[in-house]
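Asks: Take this structure first; my questions come after.
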Amino acid sequence: MNFLSFKTTKHYHIFRYVNIRNDYRLLMIMIIGTVATGLVPAITSILTGRVFDLLSVFVANGSHQGLYSQLVQRSMAVMALGAASVPVMWLSLTSWMHIGERQGFRIRSQILEAYLEEKPMEWYDNNEKLLGDFTQINRCVEELRSSSAEASAITFQNLVAICALLGTSFYYSWSLTLIILCSSPIITFFAVVFSRMIHVYSEKENSETSKAAQLLTWSMNAAQLVRLYCTQRLERKKFKEIILNCNTFFIKSCFFVAANAGILRFLTLTMFVQGFWFGSAMIKKGKLNINDVITCFHSCIMLGSTLNNTLHQIVVLQKGGVAMEKIMTLLKDGSKRNPLNKTVAHQFPLDYATSDLTFANVSFSYPSRPSEAVLKNVSLNFSAGQFTFIVGKSGSGKSTLSNLLLRFYDGYNGSISINGHNIQTIDQKLLIENITVVEQRCTLFNDTLRKNILLGSTDSVRNADCSTNENRHLIKDACQMALLDRFILDLPDGLETLIGTGGVTLSGGQQQRVAIARAFIRDTPILFLDEAVSALDIVHRNLLMKAIRHWRKGKTTIILTHELSQIESDDYLYLMKEGEVVESGTQSELLADPTTTFSTWYHLQNDYSDAKTIVDTETEEKSIHTVESFNSQLETPKLGSCLSNLGYDETDQLSFYEAIYQKRSNVRTRRVKVEEENIGYALKQQKNTESSTGPQLLSIIQIIKRMIKSIRYKKILILGLLCSLIAGATNPVFSYTFSFLLEGIVPSTDGKTGSSHYLAKWSLLVLGVAAADGIFNFAKGFLLDCCSEYWVMDLRNEVMEKLTRKNMDWFSGENNKASEISALVLNDLRDLRSLVSEFLSAMTSFVTVSTIGLIWALVSGWKLSLVCISMFPLIIIFSAIYGGILQKCETDYKTSVAQLENCLYQIVTNIKTIKCLQAEFHFQLTYHDLKIKMQQIASKRAIATGFGISMTNMIVMCIQAIIYYYGLKLVMIHEYTSKEMFTTFTLLLFTIMSCTSLVSQIPDISRGQRAASWIYRILDEKHNTLEVENNNARTVGIAGHTYHGKEKKPIVSIQNLTFAYPSAPTAFVYKNMNFDMFCGQTLGIIGESGTGKSTLVLLLTKLYNCEVGKIKIDGTDVNDWNLTSLRKEISVVEQKPLLFNGTIRDNLTYGLQDEILEIEMYDALKYVGIHDFVISSPQGLDTRIDTTLLSGGQAQRLCIARALLRKSKILILDECTSALDSVSSSIINEIVKKGPPALLTMVITHSEQMMRSCNSIAVLKDGKVVERGNFDTLYNNRGELFQIVSNQSS
């Protein structure tokens, strides 16, 4: 057979990443060990022939005199060979696995480098299946590793063995060997044809799996949106359709795999028939003796067995080839090594601090949208050491400026220069070292808060000992400047608190403050702030802007903003519109001309009532004093007393840094105030009930029981197992008929061999048994593969169904990362297929063969059988020890793989932030540390696997040697005839082979065992992790006409509400809160950070349960509402807009149950002021959205339009204007002012303009409503609302 054809695909072979220079020692050991191991079967054949040659001597002499000693020596030679093969085979397999691991790590490093260094930003923009391909590529790495390790080891050992066996067979009789192997061309033909079909369908299955991974990852990342829009069924339906395609392609692949196996078994078993005829004739003619014939037959039998064993490995090699093709496509697709340094002329540092920054006639279109000009002949000049503002509508091209400045995109017209030097001639690393960009959509990583803050620093600071005074002061200054100090003091572990999954989830405002702290530590000459404080409340926003002005005095600072009040009179600004600069000048100059667009926008945003002119002088003075005393100690009532109130000042023995760095176990638990600008973002300290290593592994018996209980086609499973039983039974039957053929060529005492009639009869029987064997092996392989695939498909769908029913708190669990669950469901579950298709089959065959074979052997020759049976406890004990060791190794290995892939997932999903912060080295270091840990575990696994396989082989050869010795001895003492000996011997040999094939399944079983345990962990988790549905719940919607009468009744009523998050049960968000909301209200929910504004949305939509007190909607307790019916009545627009990579139409109609007219979509788009953007897009509503390139304002307005199209009775806007420009904000403000098409509109906001648009205000503080009324009244009362709006702190 052409083995190499199975290890190549196109130009990429699976050993592409073997480095001969570095691996030559390992390769030498591997080659020597492989050759030596491959020679073992041939040597065994020779030794076996020598053993049975004593039989012909005994028959010829009629006496056993002098034969015992030779029998002992020749039998023990087989045993000695088995013992000698242990270290050789162990070294060989271990070295092969090490080669595979080295290849795997090199490929992972190449993938890391490709993601971090080589892929341009346009590649990320164009890749719609980024996360799906990410999941798939991780599986490909593992398949390639497996194919170049265990599979290649076995294949090449078998290849050596085949060559050696052929050589041995040819040596003893070339003519007999050629006769036996005359059917090999047919075998090769079928193998090649079927392998090509397997390759085709494997590729198709991988492609569909990638789509499924993309969908699953998105649905987990957008879990809140999926629940609010009641699209769980839609997501499950889409997932089910993709998984069904995976199922179809895999089953077609299985058909060809099973057909190949069945035909190969039939042909290899039947190729001996012609050999027996020829061998018998040669013996009769005296041209061959029995030793020659037995040696040839044994060699060819082992050759056929070797080919059968290689078949499964060839399939693995094919998958490895497909995997390599996929990996190389990823590495080569769009990759440009150092793409932005092609014309580097100046790699010396410029004096950025005194350099002007200039955009000259710059025009640009994103590569993914070449027909849409984002910038049109833009010319800008940013003076060194000055503050410059850029304002403009959402989508006007403001954010694109920073992308071009940092050279994330190339191919623009015009020039960008620093101090006259074109940035194309400046090393990109130098640019990023001297320019910091803080994005509106800032990113935090799943790490400690300290590491997140230091991520913006130089490598020396980031990795330095944080106990040094210099770094302590650096952290302290950054936290104080970014207004983080009080928040950090309230965290459970201070700066060492884990952020993200498994730890604390920060709100949008807190994330932005961490991003500002990063920028402070970097302190680069040029700072680019892109809506960097938009998510903050008024108090923190204004304080932070003043702090930024103090910090950046004399440094080049460019601020992109929609908040025009941040611009001072002498600040220079540019106003952009539709990619062009339409106005420029200082604020005072532009305001002096009432015809300017800026003047119109400014007055539009600042068109307040006379109450706004009421300014508390004392408040202003405090604000000024705050900035002036920034470097010493913050003195505002909000922050200045933070340290002193807690007993920390400069004279304390416990410094501020120590207070926030260490967990304050001596401080009594108190309420943690958390900003809640985003729905569902609250402080949630995860309390894991499981260790980080995951759930306890289920036993094989438990998994099989659950499989049998849940498998879809039980009849097919039974039929498959029945075919497996019959296929298993054909082995001893074949052995039995085969023994008669052997008997036919052994000369009797009169020197005669079997007659032609005798050989013809048993030859036909052998052919019949071989045909039955091939048919039933095909049937059991195909049927069980189908059953296993349907089981896996059903498990995937069950998991998806469970994921869409999980409550929101579940997604913050440490073991519930989207990337990890996606890999588990789409990748690791493949390993579970082998439990049905291979383990159950092997177990059934083993039980059948053992039962039938051993009973038959006992009947045929009980003495020899009992000797063999006495060896079985050795196999059982060893299998148990080997299985236990390998199970731990496999579990640890998979866990380490998951950790490595989670690190890579963070890189892929946050690549722009990493590049902006020059954090590549940090992530490379983190990745390297995880890789070292994984290498250590992989090494242990390689040693354990090599040990297990080599010891199994030794045990088999030892048992074989004992059977040889005792069987021939029984013949020599006339207790057995040669026929009885051959019959018993072949039956026992096939039984042992079946047993060892079961042991060889242990690595696959261990992998499948882990996958099943983790999957059933998700399926079996406690009921409190699911959203609970009340069977008798209300399904009737809110009837609007019932609120038009004279009697005024609340549409929402909150009564004695007390609530704390399950993860922080002692930190009460609400304490006995009461208030009502009425039809026709546009109710503004106002409060400082941490007062529970967004938590109210979570309770109204029942994303969290209300257990103390009541929330009634339309007179019905939310706990008595049907979840879907309730959420259909409420539309929520989140602060962070969430869209998916699809058309504008698909995003607008997401979650809608009824058909909607196109004109209604356009009306909604006009309503929110984004109609022009949509109609100017290439395909209008059918234009595909690139979520990474839409501006925050554009995405937010699409989300508002989507919410309006739902026509819900209650509309909730959660900081929905934070990303909008003044014109767009005014449009939304006007909508709110006039009253959106809803019975009740709730507006959570920090914007004064939005507050004034509401006809009613509710102010929250300390878990209660402290003020109710309209804005003007509450403002003039100088109460809590006045303090929030005017920056006065209580």
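Cβ atoms are placed via backbone N, Cα and C, with glycine included.
Copied straight from Swiss-Prot:
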CROSSLNK  Lys1022  ubiquitin cross-link
DOMAIN    357-603  domain 'ABC transporter 1'
CARBOHYD  Asn61  N-linked glycosylation site
TRANSMEM  26-46  transmembrane segment
TRANSMEM  76-96  transmembrane segment
TRANSMEM  151-171  transmembrane segment
TRANSMEM  174-194  transmembrane segment
TRANSMEM  263-283  transmembrane segment
TRANSMEM  297-317  transmembrane segment
TRANSMEM  716-736  transmembrane segment
TRANSMEM  764-784  transmembrane segment
TRANSMEM  839-859  transmembrane segment
TRANSMEM  866-886  transmembrane segment
TRANSMEM  946-966  transmembrane segment
TRANSMEM  982-1002  transmembrane segment
Asks: Given the recorded positions Asn61, Lys1022, which one is most crowded in terms of C-beta atoms within 10 angstroms?
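Replies: Buried the deepest by this measure is Asn61.
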Asks: Report, as numbers and ranges, which residues of the same chain sit near the transmembrane segment (151-171): CB under 8 Å and 6 or more residues beyond its ends.
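Replies: Distal contacts: 3, 7, 14-15, 34-35, 37-43, 45-46, 92-93, 96-97, 100, 177, 180-181, 295-296, 299-300, 302-303, 306-307, 309-310, 313-314, 316-317, 320.
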Asks: Would you confirm whether the transmembrane segment (982-1002) and the transmembrane segment (174-194) meet the contact rule of 3 or more C-beta pairs below 8 angstroms, pairs 6 or more apart in sequence?
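Replies: They do not touch: fewer than three Cβ pairs between the two stretches lie under 8 Å.
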Asks: To the transmembrane segment (764-784), which of 716-736, 839-859, 866-886 is linked by the most Cβ pairs under 8 Å?
Replies: 716-736
Asks: If you measure the residue listed as 'ubiquitin cross-link' to the residue listed as 'N-linked glycosylation site' at Cα, how many Å is it?
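Replies: Spelling it out, the Cα of the residue listed as 'ubiquitin cross-link' and the Cα of the residue listed as 'N-linked glycosylation site' are 77 Å apart.
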Asks: Average the per-residue pLDDT over the domain 'ABC transporter 1' (357-603) and send me the rounded value.
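Replies: Across the domain 'ABC transporter 1' (357-603), the average pLDDT comes out at 85.
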